[in-house]
Structures are given as C-alpha cells and as structure tokens.
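Student: The structure is given below, and queries will be raised subsequently.
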Amino acid sequence: METQRASLCLGRWSLWLLLLALVVPSASAQALSYREAVLRAVDRLNEQSSEANLYRLLELDQPPKADEDPGTPKPVSFTVKETVCPRPTRQPPELCDFKENGRVKQCVGTVTLDQIKDPLDITCNEVQGVRGGGLCYCRRRFCVCVGRG
C-alpha cells in the first residue's frame with residue numbers, strides 16, 4: 001500500500017515537472033543569435049523608415065566576445081543596402097534583390113539577444129558618395145573609397 005502511494009506521488013511530481021517544462025520556455029529558446037538580433041534591427045529600420053524601398057543586410061561585423069546574459073546590450077555594427085522592393089509590400093528583405101546604385105547605410109548601436117526584452121538602439125547614416133560616382137565604406141575609423149573617375 002505504501003509503495004503504491006509513493007509511486008502515485010512520484011507520478012504526480014513527474015507530471016508537474018513535465019507541465020512546467022512545457023509552460024516555461026527555456027532560456028536558450030528565448031535567446032536570439034547575434035545575426036538574428038541584427039536582422040530584427042534591420043526589420044525595425046524598415047518599419048520606421050519613410051523611404052520608398054526596403055533595406056537588406058549587406059555586411060555584418062564580427063560579433064562581440066561571448067556574453068552569457070542575453071539581456072545585456074551588445075555592441076553591433078553592420079551595413080545595409082537599398083533593395084528593389086517597395087516598403088509597402090511587406091516582403092521579407094532577404095527575398096529582395098539589391099537595387100543597382102541603391103543607398104548604402106552604415107549602422108551602429110546595441111542589441112540584445114533576448115526575444116522578450118526588445119531594446120534596440122541603432123543609428124544608421126548614409127554612406128557618402130565621392131567624386132566620380134564612387135562610394136566610401138567606413139568601418140570604425142578606417143574608410144575605403146572606390147571611385148569611377
């Protein structure tokens with residue numbers, strides 16, 4: 001009788017633990033990868049933009065050193081380029097081709113890898129053209145300019 005009662009109690013605890021595991025998502029399921037967090041920032045940029053076309057990730061700088069806390073803001077630097085897709089279409093930017101001679105923006109700021117917390121602090125500035133119709137790409141304090149003339 002005592003063994004049967006202990007078995008029933010153990011069964012209930014197992015059921016409770018299983019239900020708890022299903023209801024409470026794990027921390028790893030809530031954490032985004034560095035790239036996913038940046039893509040989310042690009043989506044936010046497109047949502048808040050008043051420009052005609054969507055922007056798509058062109059280049060992503062290396063992620064910062066590993067930090068175990070997904071809620072801690074992480075520095076980010078990336079480049080986006082204008083696509084051929086009009087903003088009102090709501091098409092995923094990853095499916096859009098880059099626009100020939102489209103605008104290029106360098107973006108810096110911070111993101112978190114936590115899906116629940118959503119603080120993004122990103123500033124994007126258009127990469128300025130140079131004489132002859134070329135472009136300058138600046139990364140931190142180093143710029144490379146490619147001109148046509």
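Placement of Cβ uses the backbone N, Cα and C atoms for every residue, glycine included.
According to Swiss-Prot, the protein has these features:
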{"type": "SIGNAL", "residues": "1-29", "note": "signal peptide"}
{"type": "REGION", "residues": "61-80", "note": "region 'Disordered'"}
{"type": "DISULFID", "residues": "C85-C96", "note": "disulfide bond"}
{"type": "DISULFID", "residues": "C107-C124", "note": "disulfide bond"}
{"type": "DISULFID", "residues": "C136-C145", "note": "disulfide bond"}
{"type": "DISULFID", "residues": "C138-C143", "note": "disulfide bond"}
{"type": "MOD_RES", "residues": "R148", "note": "arginine amide"}
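Relative to the rest of the structure, where do these features sit?
Tutor: Residue counts for the region 'Disordered' (61-80) under DSSP (helix as H, G, I; strand as E, B; rest coil) come to 0 helix, 7 strand, 13 coil.
Within 10 Å of the Cβ of C85 (disulfide bond) there are 21 other Cβ atoms, across all protein chains.
Around C107 (disulfide bond), taking its Cβ as the centre, 19 other Cβ atoms fall within 10 Å, counting all chains. Annotation note: C107 (disulfide bond) sits in a strand segment as assigned by DSSP.
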Student: Can you give me the same-chain residues 6 or more apart in sequence from C124 (disulfide bond) with a CB-CB distance under 8 Å?
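Tutor: Once residues fewer than 6 apart are set aside, C124 (disulfide bond) is near L45, V80, K105, Q106, C107.
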Student: Return the residues near C96 (disulfide bond), defined as same-chain residues 6+ apart in sequence whose C-beta is under 8 angstroms from its C-beta, sorted by sequence, else 'none'.
Tutor: L54, R56, T83, V84, C85
